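Taken from TrEMBL, the feature transmembrane segment applies to 14-33, 97-117. Marked as coiled coil by TrEMBL: 59-86. Annotated domain 'ADF-H' per TrEMBL: 140-272, in sequence order.
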Amino acid sequence: MQYLGVDPLQAGNVVQLVLVLGLTIGWISTYIFRVSNKEMTYAQQLRDYEVKVLEKRLESLTEAEIEALLEQVEEEKRRLAALFVHSEYAKTVANSYIYSVFGFFFLPLSPTIFSLLSPNRSIELVAMSFRGGGTNASSGMGVADHSKTTYMELQRKKVFRYVIFKIDEKKKEVVVEKTGSPAENYDDFTASLPENDCRYAVYDFDYVTSENCQKSKIFFIAWSPSISRIRSKMLYATSKERFRRELQGIHYEIQATDPTEMDLDVIRERAN
């Protein structure tokens, strides 16, 4: 500014003023953003508190009580959806109504947990709601160091074709149950999953593109068969996000309640 004939002292004052105004505007904008997104410290503490309360409430429920609650939800959804067949508006009305009816129990859950009518999905969605419905929730089992290193060996060194994980309730962490050698195929992998219990799994899928290029994609699969115990479904659903965040480099995620939802054609379609 001296080249423009401005006094050095005055130029310094102008620079300081611009700097202060810039910092002030920047702080105010971030404050407004955090307020609009409810990311203030108090809001976060309130969410954490609500999550803990909901976790305790979930722990106090028996499987029979959970089944009864979910059946009430499904019954209301079926009744309301029948009034407006194939209507998106009907789903919105049903969701809002059910949320108001069962809000005393699920508060402060998002109404979107009821956005699907499938009974097989409802347990997982309700379980997700007990986490607080967001990625900031801290509930769920811990992750064993061996689980992390085994996944890294699959991802970086291609030592395994797949890894199957289970929740060890005594240790309160996700552990490795089984690994598959690179020579094994997708049928070997699916045969290793239990028919009546939940599991997490990662599968390294090799394929050739239409341009004749060899590629590989890593799939994260949340296996929750419809015939598994409700407690198991809830446990795996509430722990999934925390475990999933530990696995860096996952390309696709599949949630399956029966084999048709994760067959080889589904994997190929997602990879392409």
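Keep in mind that glycine also has a Cβ here, set from the backbone N, Cα and C atoms.
Note that TrEMBL annotation is computational and uncurated.
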What mean pLDDT score does the domain 'ADF-H' (140-272) have in the model?
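Computed over the domain 'ADF-H' (140-272), the mean pLDDT is 93 on the 0 to 100 scale.
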I'd like the per-state residue tally for the domain 'ADF-H' (140-272) from DSSP, helix first, then strand, then coil.
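Its residues divide into 48 helix, 42 strand, 43 coil.
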